[in-house]
Each structure stands twice: as structure tokens, then as C-alpha cells.
Amino acid sequence: MSSSAGSEQSKSSLTGSIAVTGQAGSSQVDTTDNSGGTAFTNDSFDHNMTCWVLPPYKELKRAPPPREILQHTTPPLEKLQQWVVDGLVNLIQTLYKRKHSKGEQNKLLTGGDLLMANECFPAINSSCIKGKRSSFEHNITYMFVLLLSAWTVFLNLLVIISISHFKKLHTPTNLIILPLAVDDMLVGIFLIPIKGIKQIETCWYFGDTYCGLFVIIARLLLITSLSNLVLIAVDRYMAVCHPLQYPQKMTTTKTLISICLCWFCCSVYTIWFVISNRYFNMSDKILCYGQCIVLMTSAWRFIDLIVSFIFPCTVIITAYLRIFYVVQRQVRVINSQMNGVKCVMDISVRRKTESKAALTLGIIVTAYLLCWIPFFICSQTKTVSSTTLTFLTWTIYINSGLNPIVYALFYHWFRISVKNILTLRIFQPASSLMDIGRL
């Protein structure tokens, strides 16, 4: 009878279930039976894990247990408990040794740990997943972003110092080039580094407020660039098509007022755009935490299409088509009237000068529009991939570092001023009065 009672007691002891569960920083092994259970806690476990659950004894008779269990003859509850714990400890130690020996970033523990290692914010449940990049790709991209930012800032700073320092360069046309250089330099200071970090890390680490500020700065700089190109087109149109009225209508004061007015209107429009689309509260728009995306309603999409794209591009293209038509007509007239008269020669030289300036600025405008138009069209289309939009965005940023190269190729004054800046001659007395020429 005692033997039979002991057998029944062993069966009833195994009728319960054994579950091994783990949480970050702790692990618990709970065992329960019909007569009350015991619990065992081991704080040495540092990672999430879930082990098999031993079914009740009746089910074990229908479905055989794993091979490891069959090797033992129904051990007592304490031995089985210790066997499970020892196995888990050995597993943890083995995995840690592999991780430290290989030096890999990816954890070889469980799917939960690997997912947390690839999240932007592991402590937040709704965190976005971080994209995987090799260390080589990571370093090369950071180096490219750093060099592009430094290149853009340095070259545009040379343009700003040249026009600001030398008084001979304080012309209406150069005063319009000056804010364009300031705009491009700010792109190199703010947009390129922040966009580069977001591109490399694939996560936005700066929060909702800075996401709204980034959208404001990005849109403001892009729109003001277009407004500066509109002013350049209008200036060249007046200089070539209405040369007699140009000195009266395009004075330095009027040019400065026009520049300030354009920047003010662009700032008001951009702030209105960002606040109306609630870019300072992205939590209800993003799919996961760690995003900073551009979203707008259909009404704002149409308004932005007119204000930021159709209107400025129409003005620029129309002005330059008219400029090149007038230039071709003037060339034919001058060639037919070349009879050695000095006044005709003077007019010819002046027209060639204005035409060269129009050609140089036309190259800058054309290059910018070739970058801007595809980007704006693709950004309005939902079927375009994010890779294409990213590539077109970077072409606009790269264009900000190319404008000074165009100045160096076509403007003689820029080459001379850069030489004086790099040789520190601008610190000499009366260096601002140096006659370096306009072209």
C-alpha cells in the first residue's frame, strides 16, 4: 500500500505544469501542483526567453515527452526544477561567450532581444525599426556628408565675403546673388548634416519640436532659393530688355527692399504651412516613434503646388525666354550696323556684358530648375519610391555647392576676390576700394 501511495503521489506531483519565463533583468521559474506550489527566482538572467511548458501527466501518456525527459525516470520535482534552471544558465553563458568572442553587435539570444537591438528607441514599445548598414557604408556616407557640408559652406562663404567686402561689387545683380549664397551656406550648415544623420541612422532622434523646426528651415531655404532665382530673372530681364530704364528701376535700395520682402513672404508662408499641417505634433501622424515625415492635406498640396512651383517657375522660364529672344535680335541689329562708329562699339560692349551676365545666371537658374522640378513633381506623386525622393533631395543639396563653381568659371571678379581673400589681402587698409572689375 505504501508503494502504491508513493506512486500516486508522484503522478499527482507531475500533474501540474512547469513554465519558464524571462523578463529583462530577471527570470522566474514557477512550478505548481495540486497541493500548493513553490516558486524559484534567479536574478542572474538578463534577457527575455521562453522555454517549453511540460504538459500534465495524463497528456504525457498520450504524447511522449521530449527525448531529454525520457532519459530520466520521472525525477522528483526539485531535481526537475534544478535541471531546467541549470540548462538555461548554461545556455545564457554559451551565448554570452559567443557574443564577446565575435564582437558582433547583433545579440544571439532571442527574437525579442534582436528586435530591440535594431530599434530606434528600445525603451519605447512603438519605436521604429532601425535600418541595417555595414560599418563601411556607415563611414563612407558620414564622410561624404561631412565633405559636402564643408565644401558648400566654404565656397558660399567666399561669395558672401567677396560681395560684402568689395564696394565695386555692390551692384543690384550681386546683391541678389548675395542672399542666394547665404541660402546655400545655410543649407550646408543645417540641412545637409541633419539630413545626413537621418539618412545614415534611418531614425529621427530630435523629437517633434525639432522635426517641425527642421521642416520650417528646409522649406524656407528651398522656397527662398526659388524667390532669389525669380529676382535674378527679373533683374536680367530689365537689364537686357529695358537697358535705358534699368538704372532707375533697379537701384540698390529697391533691390534690398525686394529681397527683404521676398524673404518675409516666404517666412510667413512657410510658418503658416507648417503650423496648419501640425508638424510640431507628429505623434498622431507617424506610424512609429522615430519618424519625421512631410505630410499635407490635399488642399495644402494644391496651394503649395501653385505657390512653390508653378508661379516661380513660370516667371523664371518666361523671363529667360524673353531675354534670349531679345539678345538674339540685338546681336543681329548690332552686326548690321557695325560701321566703325564709336557709340555703336560702346553699345555693343555693354550689350555683350549684359548678355554674358544673363548667360551665367541662366546656367545657375537652369541647373537649379533641373534639380528642383523633378523633385517637386515626384514629391506630389504617391507612387514614387522613397529612394528616388532621397536621391532627388540630395541633388538639390549638392546644387547648393555648385553655384560658386559657376561664378568662378564665368565671373572674373570672383576669381580675383577669392585670390585676395585667401592671401589675406582683404585685411590691408582700403582693400575694400580695390577695383577688381565687375566681370
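Here the Cβ of each residue, glycine as well, is placed from N, Cα and C on the backbone.
The following features are taken from TrEMBL:
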type	residues	note
DOMAIN	155-407	domain 'G-protein coupled receptors family 1 profile'
REGION	21-41	region 'Disordered'
TRANSMEM	140-163	transmembrane segment
TRANSMEM	175-197	transmembrane segment
TRANSMEM	209-234	transmembrane segment
TRANSMEM	254-274	transmembrane segment
TRANSMEM	309-327	transmembrane segment
TRANSMEM	357-377	transmembrane segment
TRANSMEM	389-410	transmembrane segment
When you scan the chain for residues with a C-beta under 8 Å from the transmembrane segment (357-377), skipping those not six or more beyond its ends, what do you find?
173, 222, 225-226, 229, 232-233, 236, 239-240, 305, 308-309, 313, 316-317, 320, 323-324, 327, 389, 392-393, 395-396, 398-399, 402-403, 406-407, 410-411, 439
Contact ranking winner - 140-163, 209-234, 309-327 against the transmembrane segment (254-274), Cβ under 8 Å:
209-234
Overall pLDDT for the domain 'G-protein coupled receptors family 1 profile' (155-407), taken as the rounded mean:
82
